[in-house]
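*Asks:* What TrEMBL lists as domain 'FMN hydroxy acid dehydrogenase' is 13-378. Here TrEMBL flags 39, 145, 181, 275, 278 as glyoxylate binding site. What TrEMBL records for 92-94, 121, 143, 172, 251, 273, 306-310, 329-330 is FMN binding site. The active site, proton acceptor feature in TrEMBL is assigned to 275.
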Ligand SMILES: Cc1cc2nc3c(=O)[nH]c(=O)nc-3n(C[C@H](O)[C@H](O)[C@H](O)COP(=O)(O)O)c2cc1C
Ligand SMILES: O=C(O)C(=O)c1ccccc1
């Protein structure tokens, strides 16, 4: 039997894999130790923002159009000079080996297979070069955690990303220090202290040359010192600009004034995000911050979005509110934990299919029409 209906195509093909976020999370809980599971699942403080991130999506309802002939669908998007098959990216998530031995290699390969741009974290288990070697030709961006102790380490990593063919730099601005994460204290669990997330540091000539010795203890301590960067400010961003020709996006914008400053300071793009509720608890849900940011940016630079995206229809809502593209975080990591590369492939394939069918059923045929969809806000 052959069918063009995406749902019917999947019945029979995919039935033995967890399908929604809750099932994936539950599957990961069965497999992982409490420390790593809690690290990925949890967020800061009383997890108020974490809950708001997903619950706030319910406030926005799509008002669909019908009778528009949705037999064709074009999800292509051009961001900073590159054209992508769809506006979905993998959010930067560090220390993937705590979820699965194949870590970022599994995620980046699955991403390449389904046309998701891969944003690699500074604190990856595998290095920029290792990932580039295994995902030749696919789209990759590099997320930078500023090194305040030694800025040269930041400049070196950015150069390496550029040399490896990465397309953009994402500077995360909301993690000058880690948020207050009670689950990790309860579990006495810090991946960095346990030696995870060294891929880009242990392979960095500038970082390694700065150490007194190359023992594990020295490497761990220096990563911890470098990654703590409370002094980060706009001047650092202009310094960074001098060390790369790649576009720079800043990740973690919530306030419209910061969005305005980002445009004025010449940033190439921003990502509206509250880090999945993992930084300051009590901050605004990311989806609620988006409309004002879109208003002040007024189309001058791309505005990407993450935090709380769980399924394809969530991505449609973010795009209808004006986001240029959307990054997926925890669902991907639960796929990794439950099935390695194959698990991530299932998650991405299902996500993409729900995303596509949601657009068509809303009456839109391309992203311009998605942007013009009407949303009702409660
Ligand atoms: C386990 C974990 C590790 C993360 N590591 C990073 C990181 O290294 N760099 C970064 O910019 N964001 C990091 N993030 C935040 C994600 O990029 C993204 O903002 C967040 O996951 C979005 O929330 P959601 O997954 O609940 O949708 C991490 C998130 C998780 C869950
Ligand atoms: O846990 C995080 O959210 C995060 O950004 C991070 C920071 C340092 C190491 C690993 C992940």
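Cβ atoms are placed via backbone N, Cα and C, with glycine included.
For each listed feature, how buried is it and what is near it?
*Replies:* In this structure, residue 39 (glyoxylate binding site) is part of a helix by DSSP. Residue 39 (glyoxylate binding site) counts 22 other C-beta atoms within 10 Å of its own C-beta, drawing on all protein chains shown.
DSSP assigns residue 330 (FMN binding site) to a helix. Under 8 Å, Cβ to Cβ, and six or more positions away along its own chain, residue 330 (FMN binding site) finds 21, 25, 40, 41, 276.
Other C-beta atoms found within 10 angstroms of the C-beta of residue 275 (glyoxylate binding site) number 25, with every protein chain shown included.
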*Asks:* Here's one to test understanding: among the binding-site residues 94, 251, 306, 310, whose C-alpha is closest in space to the C-alpha of residue 181 (glyoxylate binding site)?
*Replies:* 94
*Asks:* Take the Cβ of residue 278 (glyoxylate binding site) and count every other Cβ within 10 Å, whichever protein chain it belongs to.
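*Replies:* Around residue 278 (glyoxylate binding site), other Cβ atoms within 10 Å: 24.
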*Asks:* Can you name the residues of this chain that are 6 or more positions from residue 306 (FMN binding site) yet have a C-beta less than 8 Å from its C-beta?
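*Replies:* When sequence neighbours closer than 6 are ignored, residue 306 (FMN binding site) has 91, 251, 271, 272, 273, 276, 286, 326, 327, 328, 329 within Cβ distance under 8 Å.
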*Asks:* Taking only the binding-site residues 39, 275, 278, which one has a CA atom nearest to the CA atom of residue 143 (FMN binding site)?
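*Replies:* Ranked by Cα distance from residue 143 (FMN binding site), first place goes to 275.
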*Asks:* Got a sec? Which of 94, 145, 278, the binding-site residues, have CB under 6 Å of any ligand 2 atom?
*Replies:* 94, 278
